[in-house]
Amino acid sequence: MNSVPKAGEFLGHPKGLFLLFGTEMWERFGYYGMRAILVLYLVAQVQNGGFGWSNADALSLYGTFTMAVYLTPLFGGWLADNVLGQRKAIIIGGILMAAGHFIMGIPHSVVAGQEVNVFYLGLALLCLGNGLFKPNISTMVGDLYQEGDKRRDGAFTIFYMGINLGGALGPLVAGYVAAVINWQAGFIAAGVGMIISVVMQLILSQKYLGDIGKVPSAKLSQQMSDSLTKEPLTKKEKDRIRVIFTMSVFSIIFWMGFEQAGGLMNLFANDYTNRMFMGFEIPASWFQSLNSIFIIVFAPLVAMIWLKLDNKEPNSPVKFAIGLVFLALGFLTMMLALATEGGEAGGTLQISMIWLVLFYMFHTLGELCLSPIGLSMVSKLAPLRLASLLMGIWFLCTAIANKLAGLVGSFIGEGQEAMENAMSIFIGLGGVALLSAVLMYLLSNKLVDWMHGAEGKHEPHTQEHYLAEELEVSAEKQ
């Protein structure tokens, strides 16, 4: 049985929590730093250290990569539960990701003629490492506390703040290093963050975590054996599965629009945005920090709103609809930007940065309404014997959304046609999001009926609970 070491407490929590906070913060620093410069690196001219790819090719690869990032944790979670244990999975995953970052940071001159193959190797290691790392560290946070411990919500609030802190700092540091030195240095900066994460685990885990995560739990294998039973589904179970499938489809629409951030919108910030501020040109990659910053700013506000509404708090499908409305508002913002500032033909458009700030603000608000519902909804509604399968389907839908995001963004094209295509993409994504919001709202009562009481309020929630729930959006997205 896992045991928590008697290493004392800090701020009322086990010190192991702050080790996991730092481990995850530095891992997210590395991942989001790399993600912020990835597409920009692919489209940069060869003489500027990039690959000189077209926008379409770069965004297509970005979609494939982010899709893989969501699929590999399905395997990594099983491997940790049944073979490695969470501790080993995190360390091996961290080492693989660090290797991926550093391989992507190898200068082209060192691997002349093999640059693309070496780059693909780095991406593959990142995907594999993420699969081992990501699904296991959150579980270890929960294992620090006995069942029913009232500190658990506060612990996850602290932990998710670490995720967002890393997500905010990574693009700022890696983006700046890439801008003032070169792209490879930016990837190396991301790798340094990952190394710090791994070293923290190697040196401090036994002292502050004890035996937590050392022994494979085999929980998943037990669930899989349960799923092999031939028990027929009851009407209640069938209805709840309908809810999961329905909301999974709508989640594809949301994430397909939301995940334009690291792809299409990254290129838009780079090519079509006036980034000068007091004589300093803000790196395009820095805009990737806005999502994490806005989560830190708005999560307490959204949590307070849900708490104040109490019994009038919207149900999960209505929150989904509100999230889709905010997604549509983000794209409406970009339509207004092009309509008011995009009068010139050709690729000379330079819109104000404020439009991008508003775009990310609206999308983050949408994320805070919709994303916390995801995994908690599946865990509440899925029959125990099908829990793993349905959780896998949820992640599969998110993976599909990421690939679709890359494909949709790739229609931006090049040069003079880019702005016209961008307007079409924004209209299309915004329109689909708004129609989906209306449809979800119309279906909300039926979906709640199909939940058969799972949506009911069994106990009053505290602001700490709501804040942990809102901040959890960072744990659900990669």
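Yeah, the Cβs are placed from backbone N, Cα and C, and that goes for glycine too.
Remember, TrEMBL labels are computer predictions, not curated facts.
So that you can see what the record holds, here are the features copied from TrEMBL:
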type	residues	note
DOMAIN	19-448	domain 'Major facilitator superfamily (MFS) profile'
TRANSMEM	29-47	transmembrane segment
TRANSMEM	59-80	transmembrane segment
TRANSMEM	89-110	transmembrane segment
TRANSMEM	116-133	transmembrane segment
TRANSMEM	154-179	transmembrane segment
TRANSMEM	185-204	transmembrane segment
TRANSMEM	241-258	transmembrane segment
TRANSMEM	286-307	transmembrane segment
TRANSMEM	319-339	transmembrane segment
TRANSMEM	351-370	transmembrane segment
TRANSMEM	382-402	transmembrane segment
TRANSMEM	422-443	transmembrane segment
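Counted over residue pairs 6 or more apart, the CB atoms of the transmembrane segment (59-80) and the transmembrane segment (382-402) come under 8 Å in at least three pairs, which marks the two as touching. Looking only at the domain 'Major facilitator superfamily (MFS) profile' (19-448), the predicted model's pLDDT averages out at 88.
Using a Cβ-Cβ cut-off under 8 Å and counting only residues 6 or more beyond its ends in the same chain, the transmembrane segment (422-443) has close neighbours at 246, 250, 253-254, 256-257, 260, 264, 268, 272, 317-318, 320-322, 324-325, 327-328, 330-332, 334-335, 338-339, 342, 408-409, 411-412. Only residues 6 or more beyond the boundaries of the transmembrane segment (154-179), in the same chain, are considered here, and those with a CB under 8 A from a CB of the stretch are 12-13, 17-18, 20-22, 24-37, 40-41, 138, 141-142, 144-145, 185-190, 193, 283-289, 291-293, 295-296, 464, 467-468, 471-472, 474-475. Cβ atoms under 8 Å from those of the transmembrane segment (351-370) belong to residues 251, 254, 257-258, 261, 265, 268-269, 272-275, 277, 282, 287, 290-291, 294-295, 298-299, 302, 319-320, 322-327, 329-331, 333-334, 336-338, 341-342, 470, 473, 477 of the same chain, restricted to positions at least 6 beyond its ends. Under 8 Å from some Cβ of the transmembrane segment (116-133) lie the Cβ atoms of residues 27, 31, 34, 51, 65, 68-69, 71-76, 79-80, 84, 89-90, 92-104, 106, 187, 478, all in the same chain and six or more residues away from its ends. Here the transmembrane segment (286-307) touches the transmembrane segment (29-47). Their Cβ atoms form 3 or more pairs under 8 Å, with each pair 6 or more residues apart. Taking Cβ pairs closer than 8 Å, the transmembrane segment (185-204) reaches residues 19, 22-27, 29-31, 33-34, 37, 41, 87, 90-91, 94-95, 97-98, 100-102, 104-105, 122, 166, 170, 173-175, 177-178 in its own chain, all 6 or more past its ends. Within the chain, the transmembrane segment (319-339) has long-range Cβ neighbours (under 8 A, six or more residues past its boundaries) at 247, 250-251, 253-254, 257-258, 268, 349, 351-352, 355, 358-360, 362-363, 365-371, 373, 419, 422-423, 426-427, 429-431, 433-434, 436-438, 440-441, 444.
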